[in-house]
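Following: one structure in structure tokens, then a few remarks.
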Amino acid sequence: MAARSAPSCHLRLEWVYGYRGHQCRNNLYYTAAKEIVYFVAGVGVVYSPREHRQKFYRGHSDDIISLALHPERVLVATGQVGKEPYICIWDSYTVQTISVLKDVHTHGIACLAFDLDGQRLVSVGLDSKNAVCVWDWKRGKMLSMAPGHTDRIFDISWDLYQPNKLVSCGVKHIKFWSLCGNALTPKRGVFGKTGDLQTILCLACARDELTYSGALNGDIYVWKGINLIRTIQGAHAAGIFSMNACEEGFATGGRDGCIRLWDLTFKPITVIDLRETDQGYKGLSVRSVCWRGDHILVGTQDSEIFEIVVQERNKPFLIMQGHCEGELWALAVHPTKPLAVTGSDDRSVRIWSLVDHALIARCNMEEAIRCAAVNADGIHLALGMKDGSFTVLRVRDMTEVVHIKDRKEAIHELKYSPDGTYLAVGCNDSSVDIYGVAQRYKKVGECLGSLSFITHLDWSSDSRYLQTNDGNGKRLFYRMGKEVTSAEEIKGVHWASWTCVSGLEVNGIWPKYSDINDINSVDGNYIGQVLVTADDYGIIKLFRYPCLRKGAKFRKYIGHSAHVTNVRWSHDYQWVISIGGADHSVFQWKFIPERKLKDALHIAPQESLADSHSDESDSDLSDVPELDSEIEQETQLTYHRQVYKEDLPQLKEQCKEKQKSATSKRRERAPGNSIRLHFVHGYRGYDCRSNLFYTQIGEIVYHVAAVGVIYNRQQNTQRFYLGHDDDILCLTIHPLKDYVATGQVGRDPSIHIWDTETIKPLSILKGHHQCGISAVDFSADGKRLASVGIDDSHTVVLWDWKKGEKLSIARGSKDKIFVVKMNPYVPDKLITAGIKHMKFWRKAGGGLIGRKGYIGTLGKNDTMMCAVYGWTEEMAFSGTSTGDVCIWRDIFLVKTVKAHDGPVFSMHALEKGFVTGGKDGIVALWDDSFERCLKTYAIKRAALAPGSKGLLLEDNPSIRAISLGHGHILVGTKNGEILEVDKSGPITLLVQGHMEGEVWGLATHPYLPICATVSDDKTLRIWDLSPSHCMLAVRKLKKGGRCCCFSPDGKALAVGLNDGSFLMANADTLEDLVSFHHRKDMISDIRFSPGSGKYLAVASHDSFIDIYNVMSSKRVGICKGATSYITHIDWDIRGKLLQVNTGAKEQLFFEAPRGKKQTIPSVEVEKIAWASWTSVLGLCCEGIWPVIGEVTDVTASCLTSDKMVLATGDDLGFVKLFRYPTKGKFGKCKRYVAHSTHVTNVRWTYDDSMLVTLGGTDMSLMVWTNEMEGYREKRPCDSEESDIDSEEDGGYDSDVTRENEISYTIRALSTNIRPMFGIKPHLQQKEPSTDERPPVSRAPPQPEKLQTNNVGKKKRPIEDLVLELVFGYRGRDCRNNVHYLNDGDDIIYHTASIGILHNVATGSQSFYQEHNDDILCLTVNQHPKFINIVATGQVGDSADMSAAAPSIHIWDAMNKQTLSILRCYHSKGVCSVSFSATGKLLLSVGLDPEHTITIWRWQEGAKIASRAGHNQRIFVAEFRPDSDTQFVSVGVKHVKFWTLAGRALLSKKGLLSTLEDARMQTMLAIAFGANNLTFTGTISGDVCVWKDHILCRIVARAHNGPVFAMYTTLRDGLIVTGGKERPSKEGGAVKLWDQELRRCRAFRLETGQATDCVRSVCRGKGKILVGTRNAEIIEVGEKNAACNILVNGHVDGPIWGLATHPSRDIFLSVTASEKKMNLGHAARTVCYSPEGDMVAIGMKNGEFIILLVSSLKIWGKKRDRRCAIHDIRFSPDSRYLAVGSSENSVDFYDLTLGPTLNRISYCKDIPSFVIQMDFSADSRYLQVSSGCYKRHIYEVPSGKHLMDHAAIDRITWATWTSILGDEVLGIWSRHAEKADVNCACVSHSGISLVTGDDFGMVKLFDFPCPEKFAKHKRFLGHSPHVTNIRFTSGDRHVVSAGGDDCSLFVWKCVHMPH
């Protein structure tokens, strides 16, 4: 039996030899206390050189690989590897955890850095994206995260001189990050020409935006901003691994073994070459350096730590050393001295002194060492090598005695025999050789017989026997080389040592049912009877020795990272030495035997720290004590559901197809009646504890099923919290007794905190538990809440519940936790108690550190059922399952007191004492130290007071909850009773329900308001439904029952029992009248025939219905023919016909009394008058089956007596009301949630005034009042409408459809806009030119490439473009995006990716250009504190939080400063944004398939809440102007009213049913009125008016077309609406309404359009601002209705044509659907004549027109082509007009022949469509670019193709707009796989070139640019596809035309100074 409990001795880590220098850098620092902090394996080490002492931090569960020191140099952050790695922040002084950061990174944490004031920490992961993450580490909260780089990141640092800036570096990159909001945005460092692009290994930030970085080649790169400005060549000879900044300057360390010190400007101070010092050696490589004052710490690759004093720099002091590369396997201990010997793959053997903690000798061998042994006299040391040889050394001076190589494979184990005569050598080729020591190690024998490599050997004490273990796990014995098989002989052998892992004595080290081979080493301590083991998981375990039974208990110690390869006791058993394979470290543990434990109590806390991070607890105890039966039952309960309520929406989606086919018929409307929960009989006591409390005003709060109940005992009424949708499992009350927290079952279960007065939810917490919540508790200040889940690891979470934030989280225990309690004095501490579990927790950042209660010798580890804190923060009390109360101080058990017989289920702390309640049914009052029991109350029937609302079922029921207050003790029992015990003794019963077991039987009385229930708890009960709400009578049955029925006269009550019998009882006294037992299976339904009740039909589960004559008490008939069990039976009114439902979903009919089967066609069934209808099958109730019928069953139904309303109950706990008959599938209904799972029965009372429903597993009886149609007070909780959204279409409008279906291109993914084909220019092979000119040419000089027009001036290149004007506004598919600022002086709007501030008076514009893709929505903050703050949302790619993710920018409109950037998970883009009333919250809606709605605290960049909005497009969501929690969203057939509660979003669908014939239309706009009114504009032009979420009025035809925009004026409440309308006399597209939307005034927009379509409205002082779909922004005066057009733009279709006037700064543009000059057809291209007097326009239909500029009269027009004209050009001499089309042709027209425009010639054989054309300066040649990336030159006017390269090179061009040709090869970028350069233009000066491309970039190059990938500047702003670009005359401006954004951008050219 001994092995069944863990040994009672201990190990304490005393010293670690080693330092992790391999694969880690910058991990060695001085703390403020001048101690040295570093790490090795999984342990953080704080070493004090003064005292030569080590402290250990052991909070990690795997290898530590990164470390950062807090700027105050006391706190340390360390990061580890692992599947779910975490970061610990700990105190280097106390080595206690301060904070744990987890749940974000995977694989490992590569780098860490604190910012300047130490508030934030940045971490880099080892995952594939190398995620960079910024933490608020004190709160354990992630602030921001972004993908770091595609390759490894080696170092990261905060810029200590600029806030919110970071720098990271790594493989071939350096990135400069800025943090804004929650967005981390990187800019890549530009290496430029200054240095090579290479891997950067370390960095340090300095002032003035300087960054110093160390590179792989040993140079130091100096950066300013993002540009490399200089390099310091050859700072080191090889890679610079470490750079450390301090007050005096910088220290760098490199692979060349040198340390260099630099001053603050990086001028060299000194060099220290460690290889040249006396401790140095070749190949020394520095991995970490730290410079403080005159001390320098150096860590090397080979696990050494040097300390250098600067004055004596050639004498470094070696502080620490360890083994380095390769694995460490060899370990031996000296037989007589405290020495340990280790040998490793680094070929060194080292001897360590265990007393001085130092290395005393080291010797390097030729080969890697795998094992070691020391002879019994301590003279010889044998080493086994990896190559199969072994060497013997003298320990004294490490000289070689002998070197023998007999084997080829590694020697894995060798041992000297105890008498020192033999050495046994075990090899990997499965042999053991024996050598004679005295004969100079001559081989004297070998032991063969093993089939696998030898792993362990042991000698017997007499040196005659040898035992071996091999890789197969076989154990073999030898006597002098011969195998011994006789078990008898072996039995008597005494072994000198025990290091074998298999054998009877060590059976217990293996787990019970596994055959894994992962224990590497064991060593037995015979004296202390302990065994120590080492395994592959880095764990050292202590077992009792011998341990014979598998699965023995142990103590375990963590510290090593992965494999512990070997472990040994020291010679005197004082220490255990263990060595780690991969971590190269040697751990020395102090052994603390039992007798010393008493003095060593202070070590317990530190010990258990490691425990808190391990999964499996080590019980100190023998196996499970007997569990109490009740607890046993409770632990068996699982709360898993087949279907969770959360799954319903998805299931419905999956069933959509079925539903579509079925709903062609018009579905019935839902009934007009509704029901309201009135009273619930029941209390959940059977598996919950301490869930019953008094509120402030003395009401009683508790829970049952999915309902929180507030019971008023004076009035005997109940109020209900119905926010939960599944079983509530726990409840606690706020210290002020006004709020309650309840936790429920669910896939992602939620905790609701709600107010007991208003019954409104204040906050909903979810996202961190699974399955359910088993316990909750408020902190004493009421701000925090702790909760425990019922998932497998019973997660403990600490919340800030008002904000809805998770503060900390930890795994609780493997076994169930029953209770969590927060320390009333210290809000950071809490306790959890459960099965064999008592843990004391404290918060550490985002984690919780738990310590097990320390029991010591006082008690045994018992199951705790309840716990409370006492009168100081140290004292805690817990009640056990055996009836004791344990008293704890800190974590130690001080004493136990016997309190009850059987478990103590509940306890409550009072001011001066305690009260406890137990299974024995006794309530005990105690004094404040549990010294004596002051008083006991027994719960007995005799003590019941007369006012009780029911009867006690049994004496001394098990007590599950106790609460005190208002002079009473409130008691909840397991039987579902709530009792109030007066201090003087009498007991009042307040509420009761059924006990455990399902409840199915329900019957209502034929003429009284009472009902009967019968349950599996073997009771029959009669309940009063009238206001007295009590249980009138109860009777125990010998068996449980499933059905009951009153006789028509109400005198008798028939009850069907589960054993097949039934009885009839007197309905008043419940005494038996008669009983029968004819069936074996349970009786499922029982019914009296109507009228006189002559017959009784009894249906059973064995598929028969027996019919009895009541008078004669005889069976008169049997109905046969059902194939399955019977579920429901009903009589017809005459008492002649039975309708039957069976479990096989059959509907059958039988004739009474004989039981003959009848077939009745379904049409006739309706016509029959039924006495009752409880059937769930048949045509009349086809509609009651939900869409997801496979998953759920409708279990019960009941029809009102007026045959109007059918109530049903189903498996998911819904009670539904349908209109009867419900024909057609999926009828509409009203649905109510209150029961948790199966509703087993529903019945209307005799007068239909109430509906009674039964919950099967929640054992509750709920009474609902029926409210007739028309009678409806406004109540917060009405039903949800129906299962399915309406099918009617929501109306149609082309603009809405277009907006709904548009898919936004993301810039980075944009593709080419033209259908180009062929090879891109930068990939084409150059054709060799025919005549290569000799370098020194006699030829005339090359002519100019381009005719220049400002020849007189000196040419000045253009160095920059500045955006000056933007023509365009995005109105075609965005709304509500034009706003007034500054009292109407400015307006703000957007186009493409630019936010525009437009001054109304001057027309000047300024721009916000930080977005990197199209803006889709814009809103202005209305709060006076945030004046002129604008939020804009953009499109973006998937939600990976990288720079391409969709984001929202919040910026100041006046100075264009970005205040916050919110990267969001709305994949595709953000389509609506809105600020809350206080301006602090921002609401955003996504374009993702779920149309997610998210709420942000934008200043911090924190996401507060997020939830899927609707399955179809949401157009707008807006906060109520007076609220921070209420908002409304509208969209396709959708309007929802939302509330923000904590972090949860609760929504209510708009209810239409109150207005006749209202149908859900597509809603487009929102406005708000006083008293909770909301107005929504619809697609049909109506405006709906909502009160709360109920439709109360429709303003019909507010507009003739869709109402696209609505605006609520905050100062006077007037509302502006804008719609799509044809202008008419009285109507107008803009209307101004009063606050109630009763009267309006219409305004016409004088745009001259056939229909006006308004997309945005805003109202300022006396003016209305309107944005139209035609991209105009118009200001309308309210008084005079005058219109003033502020902004004009193109509308639809890309802009292609663009031309600039030859001499003035004006330009023309045309678009694909422009009708400004109403040309009649879509235009594609335009051109001015050289004099500027004519304009030629090419159309999309192949026509072209020439207009006179002065009069805009048509001069001539012609159509020779069928397809679009792509370019049109006048020749420089004004003689010819060239027209290029997509028919692959260019036509020439001679203009001197007059306006007839006859074609004189055309160019042939152009391979593809024409893109651009340019004339030469002399009008003789034309260059044409075509769609196959080819450039062609033709003669004018003959159209002949010119092929001669020499001639071509000599042409001077009048203009250059070609994107092709050698001169412009450099404009094609590397990234143009899918996208093209679309247009180009060379400046008139001929030296600059601008291009526009498919990514929406405008780029500026020098001309010509023949090298590939030429340098350029980029300018963002356009959406994808810039279609055309031109310089204006004099190169003053560049005009670019955007395709998708229909906008023109005018850029001012900034010329270089002369």
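Glycine is no exception: its Cβ is also placed from the backbone N, Cα and C atoms.
Marked as compositional bias 'Acidic residues' by TrEMBL: 617-627 (among others).
Feature annotation from TrEMBL assigns compositional bias 'Acidic residues' to 1279-1292 (among others).
Taken from TrEMBL, the feature compositional bias 'Basic and acidic residues' applies to 1324-1335.
Residues or ranges marked as domain 'EML-like second beta-propeller' in TrEMBL: 328-590 (among others). When pLDDT is averaged over the domain 'EML-like second beta-propeller' (328-590), the result is 86.
Residues annotated as domain 'EML-like second beta-propeller' in TrEMBL: 999-1265 (among others).
Marked as domain 'EML-like second beta-propeller' by TrEMBL: 1695-1949 (among others).
Positions annotated as region 'Disordered' by TrEMBL: 607-627 (among others).
Annotation comment: TrEMBL describes 1272-1295 (among others) as region 'Disordered'.
Taken from TrEMBL, the feature region 'Disordered' applies to 1323-1353 (among others).
Long-range contacts of the repeat 'WD' (250-264) within the same chain, counting only residues at least 6 positions beyond its ends with a Cβ under 8 Å from a Cβ of the stretch, are 202, 204, 206, 212, 214, 218, 220, 235-244, 270-275, 280, 283-291, 296, 298, 308, 310. Feature annotation from TrEMBL assigns repeat 'WD' to 250-264 (among others).
If you look up TrEMBL, you'll see 330-362 (among others) marked as repeat 'WD'. Note on the repeat 'WD' (330-362): DSSP counts are 0 helix, 21 strand, 12 coil.
Look at TrEMBL and you will find 897-927 (among others) tagged as repeat 'WD'. Beyond the ends of the repeat 'WD' (897-927), by six or more residues, the same chain brings 628, 630-631, 689-690, 865-870, 877, 879-885, 887, 933-939, 955-964, 969, 971, 973, 981 to within a C-beta distance below 8 angstroms of the stretch.
Proximity of distant same-chain residues to the repeat 'WD' (1232-1264), defined by a Cβ-Cβ separation under 8 Å and at least 6 residues beyond the stretch ends, is recorded for 641, 675-682, 684, 686, 704-707, 720, 722, 724-728, 745, 976, 993-1009, 1011, 1013, 1015, 1017, 1023, 1025, 1029, 1195-1202, 1207-1216, 1279. The repeat 'WD' feature in TrEMBL is assigned to 1232-1264 (among others).
Helix, strand and coil content of the repeat 'WD' (897-927), in residues and according to DSSP, is 0 helix, 20 strand, 11 coil.
With helix defined as DSSP H, G or I and strand as E or B, the repeat 'WD' (250-264) counts 0 helix, 10 strand, 5 coil.
For the repeat 'WD' (1232-1264), DSSP puts the residue distribution at 0 helix, 18 strand, 15 coil.
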